[in-house]
Every structure is written in structure tokens, then in C-alpha cells.
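S.K.: Here's a structure for you.
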Amino acid sequence: MHDTGNVIFSGIGVVLVLLPLPLHWRARNSGTLLLITWLLIGNLVTFIDGIVWWDNYNNPAPVWCDIVSKIFVGLPVGISASSLCITRRLAMIASSTAVTISQRRMRIALAIDLFLGIALPLIIMALHYVVQAHRFDILEGYGCSPVTWPGVPGVFAVQIWAPLLSVIASVYGVIAIKFFLSRRLQFESVLRSSRNGLDSRHYLRLVAIASVDILVGLPLTTFTLVDYITRSKPYVSWHWLHLGWSRVDHYAASAYLSSPSQTVVIVLPRWFPPLLALHFFIFFGVSVDAITEYIRWFGWAKSRLPFGLSKPADRLPFAAPKLGSTVAQPSSVTWREPSITANADPDPSYNETSGPDHVRSGGVIVSVSVERQVV
């Protein structure tokens, strides 16, 4: 079994999130950069896993699966936290009564963004070991998958954070839109003072991409949480749960696709990064600024070509000599056809060693001239 569409679109997603990266790097919008990072990681590992475990469920790379299984634990948290960082920053800018945002306030906001977007997902990855019953699972066609023992500890250690962050992000999103609609007259000056390179169009695009994450990610993570709770089992003890922890379970596609709920829990999260990468590119990859950036890249690449598309440099005109000969009739000489006889006396004025300027024979002067033509 293999999911061809998931492999193709996750590979495309890697490219789509990288194209607008330079623009957002220059804007220094931390929430957007965090979202790009998590989408890049999610699409990359999904693409690699889909290729390595194409029609098989072997275990050729156990260390890789150790890393990837933890990434899949922190990925929904990182994406939801990035959306929270975006909507929180937009709400902070929109609700600000001061025209200028202080450097101290911006540093505090950056520290909060880094905690939410990087530190919190790493903490969740570490806490996952508390409810990790064995090393990992391998699913045919999809590869590495984390193992979480269903129970109350797993709810608070892992499962609840992604939907909770999405709910908080939606609240900030409503605040950002509310202040945008009520303060449109002074909004442009507030955006310019934020020093993030924002304008009204960019502001609305950020709200839109965060809304897509909330509208798609929140139902998915909520369904996963509910399914997890319905399968809850008692947590006996730490030693009991981690007994034989190094075990790796292998599942054929027929085993995990037989249940509709398991299909949703396993398959849909693999499609979430490619779907969000596509929406991200639609909002930011085809804007006027992005197209201008692509044209600049194309011009730079074209200028590096040794031949072909590169335009030759302008050259100054140069003078090229052109040799020619004309037969000229002097004004003091009457033109007539020459009469040459076999016993004609040679012209005493003729000198074989004379220069090439004029040669006279029988009343005809042959003038050799050099013309200079500018081409």
C-alpha cells in the first residue's frame, strides 16, 4: 500500500513554503517564520516516510523513526502555536493605543513567540515519554508513527495542547479582526509603527492563513482528542507501562485502515501539512511582493548565464576600413577611348616604382582610394 498523492503533495509543499521565505525573513515576523519552519519539517518528514515505506513496513532506520515519531507528537502543537503567535501579534498591533511600539515590548513579544513556537512543542515531545508504551510503530505506506497510551495522563501530557492553542488563537483572531474593522482610519500608521513591514493587505493575509489552521486544524485535533479519550485505559504504573519499551510494532495497511476512526486519526494528520502549505502559498506566494521577488531571482540567474538568455552588453561603434577603387576623370583632361598600338612608345613619365596613388596610361588616370566607413 502507498499513498501517491500524499507523497507528491508533501514534496510540493516543501517547495511552496520555501518560496516566500526570504520575504518573511526580511519582515522579521516571528509567527510566520515559525509556521514556515513547522510546515517545512512536517512536509519533509511526510515526503521521506512515504518514499522509504512505499509498499512495506520494515524497520530499516530505527534512529530516524525515533526522531520522526517525536516530531509527529510536537508537529500539531507547533502549527497551532505558530497560528497563536500570528493572531496574538496582530491583535496586539491592532489594539495598541500608542502610535509607536517600544523596543522593550517587541522583545517581550518575541520571547513569548519563541517559547510558544519552539520551547512548548519540545516540552510536549519530552512529556510524551511518560505515556509512550513502546518505542514506535511502523505503518505500511506511511512509515514511523508515535505510540501514546490512551488514558488521563496522556490527555494532559500530549493530546489537549493542540486544540487548546487553536481555541486561544481563534480568540485572538476575533480580537484582531474586530479592532481592524473599528479602527481602519488610523490602522495604517499603527502598522507602519510596528516595524514588521505590514500593510492592510498583508495583515488580512496573516489573519486568513491563521484562520485556515484554526478551521481545519481545530476539528482534526479535537476529533483526535475525543477518539483518544474514548479508548482510555487505566495507567497502572510507570514500570508496568514501560516494560518491554524497546518493542517496535509493524502494521500492514489492512490492519489500520479497517477502522474508520483509525483511518481519520492516522491518514488525515499526514495530509494536514501539505494542505496548509498550499494555502500558505496561495496567500503569500502569489502576492505582488512575491512575484517581484521571483522576477528579481530570475534576473539574477539570467545574468549568471554565460550565453543564451543573458543580454549582451552595449558596445561603442568602431571604424572599419573599406577598400575600394574608382576610375576618376581629371577636370583638365578630355576623356577619350585609349588607342594602344603595338609599337607605341612608352610614356616617359611612367615609373614602375612610383606609388600606387595615380597610374596614368594613354590619357587614363586610375585613382585608387581608401574609404573609411563607420559601421
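Using N, Cα and C of the backbone, Cβ positions are placed for all residues, glycine too.
What TrEMBL shows for this protein is this:
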- 340-361: region 'Disordered' (REGION)
- 6-25: transmembrane segment (TRANSMEM)
- 32-55: transmembrane segment (TRANSMEM)
- 67-87: transmembrane segment (TRANSMEM)
- 108-131: transmembrane segment (TRANSMEM)
- 160-181: transmembrane segment (TRANSMEM)
- 202-226: transmembrane segment (TRANSMEM)
- 276-295: transmembrane segment (TRANSMEM)
S.K.: Are there residues at least six beyond either end of the transmembrane segment (202-226) with Cβ under 8 Å to its Cβ atoms? List them, or say none.
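M.R.: Tertiary neighbours of the transmembrane segment (202-226) are 29, 31-32, 35, 76, 79-80, 82-83, 86-87, 90, 93-94, 155, 159-160, 162-163, 166-167, 169-170, 173, 176-177, 180, 187, 191, 264-265, 268-269, 272, 275-276, 279-280, 283-284, 287.
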S.K.: Looking at 6-25, 32-55, 67-87, 108-131, 276-295, which one has the highest count of Cβ pairs under 8 angstroms to the transmembrane segment (160-181)?
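M.R.: Per the Cβ count, the answer is 67-87.
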S.K.: Which residues of the chain, 6 or more past the ends of the transmembrane segment (6-25), have a CB below 8 A from one of its CBs?
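M.R.: Distant Cβ neighbours of the transmembrane segment (6-25) are 32-33, 36, 39-40, 43-44, 46-47, 50-51, 54, 142, 270-271, 273-275, 277-278, 280-281, 284-285, 289-290, 293-294.
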S.K.: Counting only residues 6 or more past its boundaries, what in the same chain has a CB within less than 8 Å of a CB in the transmembrane segment (67-87)?
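M.R.: Same-chain residues near the transmembrane segment (67-87) but 6 or more away: 29-32, 34-35, 37-39, 41-42, 45, 49, 112-113, 116-118, 120-122, 124-125, 128, 136, 143-148, 158, 161-163, 165-166, 168-170, 172-173, 175-176, 206-207, 209-210, 213-214, 217, 221, 269, 272-273, 276.
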